[in-house]
């Protein structure tokens, strides 16, 4: 019997050893694995202020006047205080101060969701664009939305307490003959991306800080990352103007009254031509 057992599998041997009244014991099937939980990023209990604060150094931001042509890749709307740009395209942001800040001053950029119901969520790239990251990203972690272009001194920070992402660069004074310092930012995910911003509006907060992290100045603007910045800017500005216009009065019910022909509204005043730059 021992020799025969060598030729049989252990499962068959166990079945032969069982009594006639015993039910056959089949090998136990492995328990099904529970599905892995979806990745959920922690919420932040810290919501940074977005209130404009020029501070002692008169800190403010400026933007180029790029117009609304189809070819533009980045354009700023002073009416909406909103930047429209394409994914990963250069977005020049000008920093202006009334007096030089102290040595060691830094400039921080951080994105937050604009609507209060989403403010505790950390703004990050969608999973697709995170996976598409390559060596050209340089120092930037793949999950960071905001990048600084052409600055090897940029630091990408993940706050251990608030979980928020930011990018910090040293403040550099304006060049001779210029009144502003320009930082070139990139936004690395579309506003419509599922799993990322998912059509939720965001604000970019730019802060001026001393070497210890103390606030010297703050400014912010809304950002929309889209395929056609010029078209989207025109559309949103038109919708904004329609909301601002007073509603026309309903016509009188009686048709007997004749309105005077001299009650025509005065012609709209011509707008002054805009300068080449906008400042906030």
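Glycine residues also receive a Cβ, built from the backbone N, Cα and C atoms like all the rest.
The shown structure was predicted, so the numbers you read here are calculated from the model rather than taken from an experiment.
What Swiss-Prot annotates here:
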type	residues	note
REGION	26-60	region 'Interaction with WWOX'
REGION	50-251	region 'Required for interaction with ZNF385A'
REGION	63-187	region 'Required for interaction with FBXO42'
MOD_RES	70	N6-lactoyllysine
SITE	70	site 'Interaction with DNA'
MOD_RES	89	N6-lactoyllysine
REGION	207-245	region 'Interaction with E4F1'
REGION	224-231	region 'Interaction with DNA'
REGION	234-280	region 'Disordered'
COMPBIAS	234-246	compositional bias 'Basic and acidic residues'
REGION	276-280	region 'Oligomerization'
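Panel annotation: around the compositional bias 'Basic and acidic residues' (234-246), residues 68, 77, 79-80, 82 of the same chain, lying at least six beyond its termini, place a Cβ under 8 Å from a Cβ of the stretch. Sequence-remote contacts of a segment are chain residues at least 6 beyond its ends whose Cβ falls under 8 Å from one of its Cβ atoms, and for the region 'Oligomerization' (276-280) they are 52, 60-65, 76, 78, 81, 94, 96, 219, 221.
Listed modified residues: 70, 89; maximum Cβ neighbour count within 10 Å falls on 89. Under the three-state DSSP scheme, residue 70 (N6-lactoyllysine) falls in the coil class. Note: the region 'Interaction with E4F1' (207-245) comprises 16 helix, 14 strand, 9 coil (DSSP; helix = H, G, I, strand = E, B). A Cα-Cα distance of 15 Å separates residue 89 (N6-lactoyllysine) from residue 70 (N6-lactoyllysine). Mean pLDDT across the region 'Oligomerization' (276-280) comes to 70 in this model. Taken residue by residue, the region 'Required for interaction with FBXO42' (63-187) breaks down under DSSP into 11 helix, 44 strand, 70 coil.
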